[in-house]
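J.: Marked as active site by Swiss-Prot on the basis of sequence analysis: Asp26. The active site, proton acceptor feature in Swiss-Prot is assigned to Asn74. Residues or ranges marked as Mg(2+) binding site by Swiss-Prot on the basis of sequence analysis: Asp26, Glu210. What Swiss-Prot lists as substrate binding site is 27-31, Arg39, His43, 71-73, Trp75, Arg77, Arg191, 197-199, and the listing cites sequence analysis. Taken from Swiss-Prot, the feature compositional bias 'Polar residues' covers 243-263. As annotated by Swiss-Prot, region 'Disordered' applies to 241-263.
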Amino acid sequence: MPLTPSSTRGIPETGAIPKHIAIIMDGNGRWARKRFLPRIAGHTQGVEAVRGTIKACIERGVSHLTIFAFSSENWRRPAEEVKLLMQLFLAALEREVTGLHENGVRFRVIGDISKFDPKIVDFVQQGEALTAGNSRLNFTVAANYGGRWDIMQAVRKMITENPDSAVTFDEPDIARHLALADAPEPDLFIRTGGECRISNFLLWQLAYTELYFTDTLWPDFDASALDEAIASYRKRERRFGRTSEQIAGQQENKNTVSNEDRV
């Protein structure tokens, strides 16, 4: 599996549109509570927001979208809510995967799905197989996922593959075993719902990601909210350890070369 460029080892290519957007979809419960509805109603409406975000990402030329659907810590929630979330996850898989495939979307799940009901695991595997050849958008769902778990499982795989690596290993040795090893590191991280933390999501991959926090509750997140996040991203100066002067000089050199090419 070819590794994508590391932001701590080199300078990834960047553009006005983020190639990879990662989202923590927070605020479903509060959205429901404000409307005197059960929490599951917020999660159900949240699925609609996911569908709209996928469409908006495709229209804007985003190539990778990763959402945090269920963390390894979410098992601590009330048992009844977890049960309803699992039912909603299964229903969404049954209803959405065919549409994703018809729209050229590659679907996959990262995380320890062995903890889920076998029926969910079966639908996940079927969906991944069905959409494996698609490339219009790479849509990844993190389920029973945690950033620390991801790093630990990568280290275990690395040592199993090469026991000597336990003593002599480098960043790429771990990186190639991470859950998103074949995807570019996220350019833009979005968290809805007003909280300002990353909650054990993609700890390795977010090293140089631009972070964007919004008070918008996830069920209310739409194309215009995505555009606001991208507009904020465009204003950022992505230095990757460099100074502003270095970036300005690099841009000046690019402009000079471009002008010379026109002559």
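Using N, Cα and C of the backbone, Cβ positions are placed for all residues, glycine too.
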J.: Of the binding-site residues His43, Ser72, Arg191, Ile198, Glu210, which sits closest to the residue listed as 'active site' by Cα distance?
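T.: Ranked by Cα distance from the residue listed as 'active site', first place goes to Arg191.
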J.: Any idea which of the recorded positions Asp26, Glu210 has the thinnest Cβ neighbourhood at 10 Å?
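T.: Each of the recorded positions Asp26, Glu210 was scored by Cβ atoms within 10 Å; lowest is Glu210.
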J.: At a 10 Å cut-off from the C-beta of Gly29 (substrate binding site), count the other C-beta atoms across all protein chains.
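T.: Cβ-Cβ neighbours of Gly29 (substrate binding site) within 10 Å number 21.
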J.: Rank the recorded positions Ser72, Asn74 by the number of other Cβ atoms within 10 Å of each Cβ and report the first-ranked residue.
T.: Ser72
J.: Would you count the other CB atoms within 10 A of the CB of Ile198 (substrate binding site), including those on all shown protein chains?
T.: 17
J.: Can you check what DSSP calls Arg191 (substrate binding site), collapsed to helix, strand or coil?
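T.: Strand, per DSSP.
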J.: For Arg191 (substrate binding site), write down the residues of its own chain that are at least 6 apart in sequence and whose Cβ falls under 8 Å from its Cβ; none is a fine answer.
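T.: Counting only residues 6 or more apart in sequence, the Cβ neighbours of Arg191 (substrate binding site) under 8 Å are Ile23, Ile24, Asp26, Arg197, Ile198, Ser199, Leu211, Tyr212, Phe213, Thr214.
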J.: Ten-angstrom check, please: count other Cβ atoms within 10 Å of the Cβ of Trp75 (substrate binding site), all chains counted.
T.: 11
J.: Specify the secondary structure state of Trp75 (substrate binding site) as given by DSSP, simplified to three classes.
T.: helix
